[in-house]
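K.L.:
Please find one structure pasted underneath; my questions will follow.
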Amino acid sequence: MEQNNEGSLAQVRHVVLVLSGKGGVGKSTITTELALALRHAGKKVGILDVDLCGPSIPRMLSVGRPEVHQCDTGWVPVYTDAQKSLALMSIGFLMEDPDEAVVWRGPKKTALIGQFVSDVAWGELDVLLVDTPPGTSDEHLAVLENLKKHKVDGAVLVTTPQAVSTGDVRREITFCKKTGVRILGIVENMSGFVCPHCSECSNIFSKGGGEELAKLTGSVFLGSVPLDPLLSASIEEGKDFAQSFPDSSTFSAISTISQTLLNSLQTD
């Protein structure tokens, strides 16, 4: 039965999944930076972190391990700012020991994800970003089944430039097509390395794999984000990269991607 209270997603305008075919491509980093860029654009944003393998977003947003409170309509998300413009709910908040591996069989995982997706009191949000585990598992199906009771606008796929990574993302594209999820676009992460001294961008990996994949599959290429030591340091320290380095080319890239994504959502 669909709820119509604040505990459901009734007041959330857009729901976007962030997917990757494999781990280690910076999916959680892209989720975090997109959320911050959208907040800087004046939007109310939420992040639902359902990555059971490694719920790292609380650290990236420097919220630690807060106590999660419940209200009549479900779990209350943790707000990262006084204006309550960026809300976070992470599966990491519910784990007793942050260093403990989640060694559960599928049914237990899917039951937790089902409860987790439907029981957060988000209130009013412009965009909810859902950080999923890597791959295409039953956990993804659990997320989708529960979110689709409301609405899923689509998915952003994160890859790195190399053929190994883009090959894994092809499977993610197939997954989206089979489950009826619209692909909002592809982001190529770690696209070149920004020298911290001269700001020149060198391609230490191959380049253009994400753009090529977008062309081959008829998807939108949202843009590329370089490996930037300043961004890495901000993520490690839980700082807002956009606030610290608003003039950097890396922030410009993230900002452009978030704006393209917003335009895509608003023209639905």
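Each residue, glycine too, has its Cβ placed from N, Cα and C.
The following feature annotations were taken from TrEMBL:
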type: BINDING; residues: Gly21, Lys22, Gly23, Gly24, Val25, Gly26, Lys27, Ser28; note: ATP binding site
type: BINDING; residues: Cys195, Cys198; note: [4Fe-4S] cluster binding site
K.L.:
Please list, in sequence order, every residue of the chain apart from Gly21, Lys22, Gly23, Gly24, Val25, Gly26, Lys27, Ser28 whose Cβ lies within 8 Å of the Cβ centroid of the ATP site.
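P.N.:
Going along the sequence, the neighbours appear as Ser20, Pro134, Val158, Thr160.
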K.L.:
Which whole-number value in Å describes the distance between the Cα atoms of Cys198 ([4Fe-4S] cluster binding site) and Gly26 (ATP binding site)?
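P.N.:
For Cys198 ([4Fe-4S] cluster binding site) versus Gly26 (ATP binding site), the Cα atoms are 24 Å apart.
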K.L.:
In the structure shown, which of the binding-site residues Val25, Cys195, Cys198 has the fewest Cβ neighbours within 10 Å?
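P.N.:
Cys198, out of the binding-site residues Val25, Cys195, Cys198, has the fewest neighbouring Cβ atoms within 10 Å.
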K.L.:
Around Lys27 (ATP binding site), how many other CB atoms lie within 10 A of its CB?
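P.N.:
Here the count is 26.
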K.L.:
What's the CA to CA span in angstrom from Cys195 ([4Fe-4S] cluster binding site) over to Gly26 (ATP binding site)?
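P.N.:
That comes out at 19 Å between the alpha carbons.
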K.L.:
Just how many other Cβ atoms lie inside 10 Å of the Cβ on Lys22 (ATP binding site)?
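P.N.:
That number is 18.
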K.L.:
I'd like the number of other C-beta atoms within 10 A of the C-beta of Gly24 (ATP binding site), please.
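P.N.:
10, counting other Cβ atoms within 10 Å of Gly24 (ATP binding site).
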K.L.:
Are there any residues in the same chain, six or more apart in sequence, whose C-beta is under 8 angstroms from the C-beta of Gly26 (ATP binding site), and if so which?
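P.N.:
Listed in sequence order, they are Val158, Thr160, Asn189, Met190, Val225.
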K.L.:
Let me know the most crowded of the binding-site residues, choosing from Gly21, Gly23 and counting other Cβ atoms within 10 Å.
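P.N.:
Result of the Cβ crowding comparison: Gly21.
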